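Per TrEMBL, the features are as follows:
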type: BINDING; residues: B:57, B:58, B:59, B:63, B:89, B:167, B:172; note: ATP binding site
type: DOMAIN; residues: B:54-233; note: domain 'tRNA(Ile)-lysidine/2-thiocytidine synthase N-terminal'
type: DOMAIN; residues: B:350-379; note: domain 'Cytoplasmic tRNA 2-thiolation protein 1 C-terminal'
type: REGION; residues: B:281-308; note: region 'Disordered'
């Protein structure tokens with residue numbers, strides 16, 4: 001999981017949760033502990049945009065990417081909570097991941 | 001980004017940004033304000049009376065779970081004096097409803113409410129699993145919708161309760177408004193926006209206390225109160241939640257979050273402009289399924305996600321409402337290619353087979369059941385053509401069902 005190109009920068013361990021029906025897209029597991037590189041190839045810090053790509057490429061077993069991602073962003077109707085706060089309060093996809101962050105994806109799209 | 005502080009208490013860290021006004025709130029203030037707003041909805045609409053017995057249509061999903069939690073909280077906080085029960089429908093869908101019913105059973109314990117479960121199997125002799133086995137996956141939502149409406153009424157009657165509350169939220173109502181706008185169906189648009197629906201086809205009153213609550217806030221409320229809810233789409237309508245009205249609403253919300261409540265408000269304003277004889281205010285109209293999409297939370301295909309039968313019923317009703325004012329409804333149906341102007345009188349009566357209130361000799365559920373029991377769904381087509389001249393949708397849908405299965 002750790003990226004050798006990140007050099008001396010320590011990798012970032014975070015927790016990702018899927019609820020509200022999204023867990024079916026991720027092996028029916030609600031909680032995933034993952035580690036992302038501390039620095040990306042282009043020298044930038046990994047943010048939520050990076051995390052979304054990471055999740056689709058590495059964690060998502062289901063082929064129906066469009067149920068999670070739309071136009072390179074979270075599909076409308078899916079809420080993102082960064083440490084329990086609405087991601088809109090944290091800068092949305094530009095939010096830079098910090099060690100120990102808890103990122104929750106909640107679907108509002110399922111029957112109630 | 002520096003952490004934002006709560007707009008309300010100015011102290012705690014804001015974790016929520018409200019779709020309707022962009023206010024940033026902390027967890028505690030959000031929960032309190034969310035509950036207060038539902039309370040205001042309830043009191044301003046005089047939804048309940050003291051001592052009233054209420055059945056909460058509970059599916060185990062987010063909306064009905066939040067509704068049960070909020071009603072319990074408010075009933076205690078403001079001393080409504082309500083007697084609350086949970087009422088669940090068991091459609092008989094293995095791997096879907098049996099799991100969500102477990103959630104409802106836990107909710108009954110958590111909220112200290114009695115739970116009544118009404119099963120399609122016991123009521124109709126057919127579970128949805130069996131229905132799907134026979135009719136296939138395409139048209140099964142019609143059966144489920146017709147069955148559910150009656151099952152909820154029967155469940156409430158069994159409990160001796162005549163007021164059922166459902167978890168329909170602002171997004172649901174906005175979807176309904178958009179759909180009916182796109183269909184040009186003013187009567188239905190009008191009824192869909194009202195917080196209370198009473199129908200001639202039922203003695204049971206329905207209301208939706210979460211009508212002004214954003215789906216997003218319902219989910220966040222459930223999250224921050226760590227409510228126990230179940231979320232899996234109905235296995236028989238995997239496509240259903242992609243309903244285009246729903247997608248439209250979610251896309252609009254993304255661009256302009258206040259859109260949802262604005263659409264609800266617009267729907268209400270348009271409803272006020274609909275003449276009462278067109279509106280056919282529930283009580284006076286006798287179509288047997290005045291508002292299928294009011295039929296209880298639980299189906300992944302509610303509202304924008306429904307597939308049908310109720311549209312036919314509505315067309316039927318629209319025709320009825322256009323021409324009728326009293327209980328004696330004369331329908332004159334112009335029909336191209338068929339003999340025009342068949343005059344038909346609709347009266348409220350009881351189904352000859354099951355005794356359920358119906359606009360026809362045999363209620364819809366029994367009609368569908370007859371078809372199932374005779375192992376040929378086309379029976380429903382014949383009857384719907386004969387008895388519902390104004391309605392071609394159901395017939396079309398049934399034909400499609402039949403085609404895909406033959």
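Placed from the backbone N, Cα and C atoms, the Cβ positions cover glycine too.
Classification of residue B:89 (ATP binding site) by DSSP places it within a strand. Filtering the binding-site residues B:57, B:58, B:89 for a Cβ under 8 angstroms from any Cβ of chain A leaves an empty list.
The domain 'Cytoplasmic tRNA 2-thiolation protein 1 C-terminal' (B:350-379) scores a mean pLDDT of 79 in the predicted structure.
Neighbours of residue B:172 (ATP binding site), defined as other CB atoms within 10 A of its CB across all chains, total 30. Of the listed binding-site residues, namely B:58, B:89, the sparsest CB environment within 10 A is found at B:89. For the ATP site listed in the record, the two most distant Cα atoms among B:57, B:58, B:59, B:63, B:89, B:167, B:172 lie 20 Å apart.
Using a 10 Å radius centred on the Cβ of residue B:63 (ATP binding site) and all shown protein chains, the other Cβ atoms total 31.
DSSP classifies residue B:63 (ATP binding site) as helix under the three-state reduction. When the domain 'Cytoplasmic tRNA 2-thiolation protein 1 C-terminal' (B:350-379) is classified with DSSP, helix, strand and coil residues number 12 helix, 3 strand, 15 coil.
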